[in-house]
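> For reference, Swiss-Prot lists these features for the protein:
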- ASP163, GLU165, ASP301: Mg(2+) 1 binding site (BINDING)
- ASP163: Mg(2+) 2 binding site (BINDING)
- 13-30: compositional bias 'Basic and acidic residues' (COMPBIAS)
- 37-50: compositional bias 'Basic and acidic residues' (COMPBIAS)
- 59-70: compositional bias 'Basic residues' (COMPBIAS)
- 71-91: compositional bias 'Basic and acidic residues' (COMPBIAS)
- 149-314: domain '3'-5' exonuclease' (DOMAIN)
- SER104: phosphoserine (MOD_RES)
- SER110: phosphoserine (MOD_RES)
- SER112: phosphoserine (MOD_RES)
- 1-120: region 'Disordered' (REGION)
Amino acid sequence: MERFLTKMPIKSKANEVPKKEAVAKKETPKVARKATKKDTPKELKDKENAGDDNTPKQTKGRPGRPAAKRKNLDTPDVKDEKIAMEEENPPKRRSSRLTRSTRSMAEDGSPSPEKEKPEKLPFIKYKGAIKYFTESQDIAASADDVLQWVEKQKDDVVPMAFDMEWPFSFQTGPGKSSVIQICVDEKCCYIYQLTNVKKLPAALVALINHPKVRLHGVNIKNDFRKLARDFPEVTAEPLIEKCVDLGLWCNEVCETGGRWSLERLTNFIAKKAMDKSKKVRMSKWHVIPLDENQLMYAAIDVYIGQVIYRELERREKVKIKNEEEFKEKNGDAAFKAMKTLGETFLTKINEVTL
């Protein structure tokens with residue numbers, strides 16, 4: 001019988017761990033539970049004493065000295081959290097290395113360069129006459145007067161600033177051509193409102209097609225195309241062939257690039273600012289009569305166009321003269337070399353400085 005009996009291992013009392021101590025080691029520190037129906041106040045007290053291993057021990061000291069205050073585990077330590085954040089995201093150090101520009105400024109003792117502020121230009125002030133017409137017969141009479149004035153001029157070319165206005169709606173798009181403004185003399189601008197005009201007067205068509213008249217403006221070709229769509233008595237192609245786009249002409253004379261708006265061209269050539277108020281620009285140009293702001297806006301557009309034309313004409317003459325004088329003194333090879341370096345010859349150059 002003994003061989004069929006298995007010997008059961010006898011547990012040593014020395015290896016036994018008290019139940020309460022084992023539970024205390026495994027359990028994490030916890031907040032005392034709320035009393036339930038099954039727990040008695042005495043049992044709750046025993047459980048708190050058994051599981052609360054994080055309670056700080058009282059330090060030995062003089063009798064009567066209060067024990068250290070217990071930390072609230074539920075409230076995070078703000079100081080520790082700040083230190084942890086600084087360790088994760090250390091503050092960026094400013095590089096002490098000097099670049100080429102900062103080194104030169106440090107040696108010279110000059111302050112660091114500031115961002116250039118845009119130059120404040122004075123606004124255009126037009127003090128000339130504004131002749132405003134709304135009826136077809138009045139427009140015809142005015143255009144005929146200008147036509148006679150053009151024919152009396154001795155010059156072969158009579159520059160005339162030309163511009164148009166029309167209403168625009170984001171729902172319906174651009175409306176019909178409503179205003180034509182012209183300027184042949186900086187002292188007078190003509191504004192023709194076409195709301196009541198079903199067909200352009202013959203005198204106005206003859207004026208803009210006159211062989212001596214050179215119409216000019218910014219993006220003027222698109223104006224002629226729109227005018228021809230709205231009024232079939234106008235043919236766009238002959239007007240486009242003889243007109244002058246001031247932006248393209250500026251690129252040729254000043255050797256600049258890109259597309260120009262009238263506002264930017266005014267800043268660059270005339271050193272003036274334009275008040276391109278959206279309230280006026282997007283206003284109801286077909287409504288009669290135009291108010292003072294609309295009349296001034298329309299007049300300034302062609303007035304400044306005439307000013308820009310005269311200035312570009314003057315610069316072109318200076319440029320041609322300087323180029324010819326330079327070629328005579330230094331030869332074609334030197335002239336080509338200077339052009340390669342980006343010289344515009346808008347100012348006089350006597351000798352080659354390569």
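Glycine residues also receive a Cβ, built from the backbone N, Cα and C atoms like all the rest.
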> Can you check which residues sit near ASP301 (Mg(2+) 1 binding site), meaning Cβ under 8 Å from its Cβ, same chain, 6 or more apart in sequence, and list them in order?
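Same-chain residues close to ASP301 (Mg(2+) 1 binding site) (Cβ under 8 Å, separated by 6 or more) are ALA161, ASP163, GLN181, LEU262.
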> Take the Cβ of GLU165 (Mg(2+) 1 binding site) and count every other Cβ within 10 Å, whichever protein chain it belongs to.
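Around the Cβ of GLU165 (Mg(2+) 1 binding site), 24 other Cβ atoms lie within 10 Å.
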> Please work out the number of neighbouring Cβ atoms within 10 Å of the Cβ of ASP163 (Mg(2+) 1 binding site), leaving out its own Cβ.
25
> Cβ within 8 angstroms of the Cβ centroid of ASP163, GLU165, ASP301: which residues besides those meet this for the Mg(2+) 1 site?
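Going along the sequence, the neighbours appear as MET164, VAL179, GLN181, TYR297, ALA298, VAL302.
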